[in-house]
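Copied over from Swiss-Prot, here are the features:
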{"type": "ACT_SITE", "residues": "280", "note": "active site, proton donor/acceptor"}
{"type": "COMPBIAS", "residues": "9-44", "note": "compositional bias 'Basic and acidic residues'"}
{"type": "COMPBIAS", "residues": "51-62", "note": "compositional bias 'Basic and acidic residues'"}
{"type": "COMPBIAS", "residues": "81-107", "note": "compositional bias 'Basic and acidic residues'"}
{"type": "COMPBIAS", "residues": "108-119", "note": "compositional bias 'Acidic residues'"}
{"type": "COMPBIAS", "residues": "128-149", "note": "compositional bias 'Basic and acidic residues'"}
{"type": "COMPBIAS", "residues": "150-175", "note": "compositional bias 'Acidic residues'"}
{"type": "DOMAIN", "residues": "207-362", "note": "domain 'N-acetyltransferase'"}
{"type": "DOMAIN", "residues": "434-538", "note": "domain 'Bromo'"}
{"type": "REGION", "residues": "1-176", "note": "region 'Disordered'"}
{"type": "SITE", "residues": "280", "note": "site 'Important for catalytic activity'"}
């Protein structure tokens, strides 16, 4: 009974309900807002049902009291009092029973709330799991979509590259521009030539060629400093102070290759002698990382056009070291100095170990268009050949060699076009003979080594009779390295012994004419020692050296 009364107390019941409702709400809020709303709705429904039961019970009690109370007589009053006492006892009993029933109902309701809360928690957990699963599936779909997009982009890039390759292999004008090809027509025939990378970059505005001097302007001084740094790096044997002095000398000019905005790639420093119509190229260098793009040749062409158009200079002179001789030869320089010595002797610096080279500029040639001019000359020559020869006619190939099992010799004169080309049986015999002897390659290598040796500069060319008038009175069999090179090209050396004889003759003549204390005598000894060592390195000719 105590338990029933305690459960029947309305405040205890209300606190218990609120605690359970709060607990259910806190759980539901952690899982999902939907579960919380369901829990609140369930709690409100239970409270409404309990309140409806209380209201119905109170209304029933009031009706009973109204029916039992009567206004007539004392007996009625006593009976009424007795009934009131009896009704009060019955009411207490009913109230207790009702409280017991209500307490059982509340307990059942609480159990239902707990069960519903658990069910709602489970439902919320299922919803959260479902949401996570949906999010994961969405992420997977997004990743798959990204991967698919990347694959599509890669395929597009590959297709684009394939299209570019196909375009480069075609003959459309746009593709020729991509490859740097320049087209023009001559006599209705289309000709093409490929521009250097440096020319393409200049046309695109990536590089420029600028003439600068020491005029104290900030930008020109920056360019000169960049040139000085390149010269000092590319010409390590030159004293750095000497390079700086000449680059900043106000009597010198420089043409620089500049990658925009202001990065010096290379250049040429030269000293003009306008009254004597020549200029001395003092330094010429391109940065080591940029030498494969044709900057050197394009720079020299720019310099030739600039000097010829702005002055009376018609010749270039320079002392080239062993590594620069090949470059200067390609740019039109030669070792044969045709310019009178009275014009340049004493005006340019003589470098020990360097080779003096000269370039004579043609007045009617624009060197930047030299490639196109040469191609036009070739086209004109081919046109002339077509008027006197049928060499441009292409005959079908021979079919007699298709059957390999039944090959038979044929008369060369029966081959279409062979006779018209001027072929004779004697020409076949000459063609089968070896052009060079077995010793040609060895002689050529040794001769190149001799010409590039530091002590060879006095022996590169024949002695000038004007400079040394009595030389040929003492030396009856003169010899020099350029004469040996000419004899080699004309197949005059039939044996290695003949080449060795001429090489020793060069040194013997020098020692015969010059005294032992002269530098020329020492140069001859050094060069002969170097020559003997080179021949000994070749096993088949080492026995020829004593």
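Even glycines carry a Cβ here, placed using N, Cα and C.
DSSP assigns the residue listed as 'active site, proton donor/acceptor' to a strand in the three-state reduction.
Broken down by DSSP into helix, strand and coil, the domain 'Bromo' (434-538) contains 64 helix, 0 strand, 41 coil. When averaged over the domain 'Bromo' (434-538), pLDDT in the model lands at 92.
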